[in-house]
Amino acid sequence: MSIESCNCIEPQWQADELLMRYQYISDFFIALAYFSIPLELIYFVKKSAVFPYRWVLVQFGAFIVLCGATHLINLWTFTMHSRTVAVVMTTSKVLTAVVSCATALMLVHIIPDLLSVKTRELFLKNKAAELDREMGLIRTQEETGRHVRMLTHEIRSTLDRHTILKTTLVELGRTLALEECALWMPTRTGLELQLSYTLRQQNPVGYTVPIHLPVINQVFSSNRAVKISPNCPVARLRPHAGKFMPGEVVAVRVPLLHLSNFQIYDWPAVSSRNYALMVLMLPSDSARQWHVHELELVEVVADQVAVALSHAAILEESMRARDQLMEQNVALDLARREAETAIRARNDFLAVMNHEMRTPMHAIIALSSLLQETELTPEQRLMVETILKSSNLLATLINDVLDLSRLEDGSLQLDSTTFNLHSVFREVLNLIKPVASVKKLLLTLHLGPDLPVYAIGDEKRLMQTILNVVGNAVKFSKEGGISITAFVAKAESLKDMRFPDFIPVPSDNHFYLRVQVKDSGAGINPQDIPTLFTKFAQTQTLATRNSSGNGLGLAICKRFVNLMEGHIWIESEGIGKGCTASFIVKLGIPDRSNESKPSFAPKVLGNHGPSNFAGLKVLVMDDNGVSRTVTKGLLVHLGCDVTTVGTSEECLRVLSHEHKVVFMDVSSGIESYDLAVRIHEMFTKRQDRPLIVALTGNTNKVTKEKCMRVGMDGLILKPVSVDKMRGVLSELLEHRVVFETI
């Protein structure tokens, strides 16, 4: 049998489709598993901090990837495939074989080393080293914190800036074992830094360097400690000697916080962006370098110094302000005392002058009024009337000066009582009518229908204001008429844009009285109106028309109106067109129960009541002989039976039940008040006791209060005319009380 006919080779097996599918699926999952293993190795290498053979794992991963690629390529060989697939398959298997053999040989080499590695011990060792480093850092931070607290405590223990800076250098030098430490402060010009403090005090303090040096700009531009060259101008604090190299030097800026707000005498006027410079030098005989925690300590201390310096600046400025304030307070107190002394001296002078002037005025007016009631020739009567008119003008001037003085020093206060408002206007009209009739002026009064009959306020000051305003209108009018209008000012009319300072406050318990006095006189230049309310001032027009004014009337009226929370003003269209004077005052509205006629308080005691008091026994006590004689003359003229005495003892000796009235001068002092008390003791029954009336030249309220306290029945101000004495006696006998308003 020939070889050709021998069937030695197994015939080709027809592939089973099911087996092929199983192999196909198996190769797919084998490749998938191979590719996932390197991913796990990569994760292990990334997370492992102690495994020493990472490169072996990388090589093993490459082997597995190639094996997986071989199985993946087998997927294309189960069917008919091309030559390209066969070449790729062959190449993949060759690479897989090479890597597999290399990996196998390497494993044989490193397996003994792997077995000898104590992985757990190495891990613990690394962890222990890491903990040691962390503990060292914590200890360093604690040490730094302790030094900072110690330095801060030393710095904050004083608010003296020199002590703060010197203590800072000393404590830093001791804590950091420094060779030198210095502080450079900006000069007043801000163009240089001056060496102000050093640790060893071997450099002359006062040495300056330009502030615009590059090294200084470098430090000032950073908020951290900066290493600088030992040879720069700010670091040459000590001479370099020997063979040792100079130690490392750092510099840090010290903010001068807002010193511009707290100007210190010997400190520069710098803003919050200026800095001082702190320079620190390590010893030159060692190889020591600056550590991070030491630099942090220097930075923190620099900030603490800045805060302490700001506190010191505030303290110094506050102490200086306190000293200045104390000096100002002393000066103000001295000025206040001097002003009070001057006011007391002025008031004492005015009080004395008031009394001393009223006493002779009493004689002049009383005797002139007595002379006026005798038979006189027309020329004599004219002269007597001129004397009386001039005397009354002088008395008015005295009253005005005293009122103005008390208004300016604040001692004058309103005396608010319930009074008949309508009667005030009627009384003003009755007083002004005689003067107006002489000048043939028509005087009219219009009271608003809503004007209350009774009001609460200072009746005397209101009447004085109305009299002054109406009197001016009469005085400066030659013809025509004068109209007086009074009404309740409405709320909408109170707000006048011309007078922004006048702010009325309406209420249910008050109302605003508006009074207008319009005349047809020569008028006023509008430019002169603002000066009318200035004391001792007159317009040229008024001065030329009538020189009898004293320039006080309107000034006093304005102050009275201000006290009554009101406002006064004058309007005129010009010369020859008349003028209108208006004022508004605040008055109270009395309760219904109080709308009865108030107790008698005569304003002007004129010629009313009986004109003869024949047989009325009167006792006059006055230590001034002239005044005593004048008062007796007035009373005798009225028909009284008068007895005069000069002392209290004589008065008590002469006084009897027959005397109905006792006039006593209380200007002599406490003796007169004691006399009133003793008279009360002499007469236990009121109907048996004579009426006691004080005569005085003092216009202060203290005199009136003392008279009322000792039980006197009346008080009359000098000077007294015949008409005034007649009114006093009439009211006294009718009401048994007569207190003239002061």
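Note: Cβ is positioned from N, Cα and C throughout, glycine not excepted.
Residues or ranges marked as Cu cation binding site in TrEMBL: Cys67, His71.
Close to Asp519 (ADP binding site) in the fold, though at least 6 residues off in sequence, lie Ala473, Val474, Phe476, Ser477, Gly480, Gly481, Ile482, Gly578, Cys579, Thr580, each with a CB less than 8 Å from its CB. According to TrEMBL, the feature ADP binding site maps to Asn472, Ala473, Val474, Lys475, Asp519, Lys535, Leu554.
When other Cβ atoms within 10 Å of the Cβ of Lys718 (ubiquitin cross-link) are tallied across all protein chains shown, the result is 26. The ubiquitin cross-link annotation in TrEMBL covers Lys718.
Here TrEMBL flags 352-591 as domain 'Histidine kinase'.
For 617-733, the entry in TrEMBL reads domain 'Response regulatory'.
Here Asp665 (4-aspartylphosphate) comes close to Met621, Asp622, Asp623, Asn624, Ser627, Arg628, Ser672, Ala694, Leu695, Thr696: these same-chain residues lie at least six apart in sequence, with C-beta atoms under 8 angstroms from its C-beta. Annotated 4-aspartylphosphate per TrEMBL: Asp665, in sequence order.
The transmembrane segment annotation in TrEMBL covers 22-43 (among others).
Annotated transmembrane segment per TrEMBL: 55-74 (among others), in sequence order.
The feature transmembrane segment is assigned by TrEMBL to 94-115 (among others).
Comparing Cys67 (Cu cation binding site) with Lys718 (ubiquitin cross-link), their Cα atoms are 141 Å apart once rounded. Asn472 (ADP binding site) sits 25 Å from Lys718 (ubiquitin cross-link), taking the Cα positions as reference. In the shown protein chains, 22 other C-beta atoms lie within 10 A of the C-beta of Cys67 (Cu cation binding site). The Cβ of Leu554 (ADP binding site) has Asn468, Val469, Asn472, Leu532, Phe533, Ile568 as same-chain neighbours under 8 Å, each 6 or more residues away in sequence.
Across the domain 'Response regulatory' (617-733), DSSP helix (H, G, I), strand (E, B) and coil residues number 57 helix, 25 strand, 35 coil. The number of other Cβ atoms within 10 Å of the Cβ belonging to Asn472 (ADP binding site), over all protein chains shown, comes to 23. The domain 'Histidine kinase' (352-591) scores a mean pLDDT of 81 in the predicted structure. Within 10 Å of the C-beta atom of Val474 (ADP binding site) sit 19 other C-beta atoms, taking all shown protein chains into account. Within 10 Å of the C-beta atom of Ala473 (ADP binding site) sit 26 other C-beta atoms, taking all shown protein chains into account.
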